[in-house]
C-alpha cells in the first residue's frame, strides 16, 4: 500500500515537471510559447474589434444633441420645495414647521437673483411678455456658447421672496414654484384654443404653455379655495421664448422659466390633494411616471 502511494505521488510530481522530456504540466517550453502567443493574438483581435465598434458608434453620436431626439420622453413637471412623499404640512404660527420648505425655495431661486444675471455676454432680455420660441442657430460649436434669457424674480409676485421672505407660509398661504424639466431641443406646443374650453379659467395664448392646479378629487376641489398664478406677463404658464434649450455645453447658465402658484385660502386642518398639470400638443402623461407633464402634492395647513 505504501508502494502504491509513493508511485501515485511520483506520477503527480512527474506531471508537474517531467525532467526527462523537459515538460511543465504536459507541455514543453515551445508548446507553452505557441499557446500563449495564440491567446495574446486572439484576445488582442477581440479587443481591437470592440474598440473599433465603440469608435464607429461614437462617430454617430453628437455631444450636443441626442441622435434619436424623437424618442426622448416629454419633459416632467416638478415643484419647489422638493419634498419627500410630496407632502407639505405646517402651522403658520410655528416657523420651525415650514422652515425647511422656505429654505428649499430660497436655495433654488439663488441663481434667479439679479446679481447672478448681470453678465451681458451670457444673459439677454427677452421681453416682459410671452413671445415665440427663440432660435439660436444649429446645435454646433461654430457660434460658441449661446446667450440665455434673463428671468426676473419680480415676475413671481407674492412668491418672489422680495416682499415676503416666508413665501406665504407665515400667513397660511403657501407658494410653490413650478418648472418644466429641461429637455434638449424641446419646443413646447401650446394646446389649441378649442381644447381649453373644457377647463374653466384657462385662457388661450399662442406663446404660453399653460399650467393649471386643481383639486385631485371632488372633495379636494371644494377645499382648495382660490389659486393665484405668477409668471412672466402674469401668464399662468411657461413663455415660449425660453425654448429651445441648447444643453449644458452651449447654454451652461440657462434659466428655466418659472411659474409660481399660491393657495390663498385652503381649508384648515385638512389634507388636500392637488394636481398641477401642463397642457400642450407635445406634452404627454404616463401612469408609470407621475411627474411626466404633471405632479401631485398634498398640502395641509394646521391651526
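Each residue, glycine too, has its Cβ placed from N, Cα and C.
Feature list (source: Swiss-Prot):
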- 1-34: topological domain 'Cytoplasmic' (TOPO_DOM)
- 11: phosphoserine (MOD_RES)
- 35-62: transmembrane segment (TRANSMEM)
- 63-303: topological domain 'Extracellular' (TOPO_DOM)
- 101: phosphotyrosine (MOD_RES)
- 126-149: disulfide bond (DISULFID)
- 158: N-linked glycosylation site (CARBOHYD)
- 159-175: disulfide bond (DISULFID)
- 191-303: region 'immunoglobulin-like' (REGION)
- 193: N-linked glycosylation site (CARBOHYD)
- 213-276: disulfide bond (DISULFID)
- 265: N-linked glycosylation site (CARBOHYD)
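The recorded positions shown are 11, 158, 175; of these, the one with its CA atom nearest the CA of the residue listed as 'phosphotyrosine' is 175. Taking Cβ-Cβ distances under 8 Å and a sequence separation of 6 or more, residue 11 (phosphoserine) has no neighbours in its chain. Per-residue confidence over the region 'immunoglobulin-like' (191-303) averages 89 (mean pLDDT, predicted model).
Of all the Cβ atoms in the protein chains shown, 27 others lie within 10 Å of the Cβ of residue 175 (disulfide bond). The Cα of residue 158 (N-linked glycosylation site) lies closest to that of 175, out of the recorded positions 126, 149, 175, 213, 265. Reported as a whole number, the C-alpha separation between residue 149 (disulfide bond) and residue 193 (N-linked glycosylation site) equals 27 Å. Fewest other C-beta atoms within 10 Å: among the disulfide-bonded residues 126, 159, 213, that description fits 126. Counting only same-chain residues at least 6 apart in sequence, those with a Cβ under 8 Å from the Cβ of residue 265 (N-linked glycosylation site) are 173, 225, 226.
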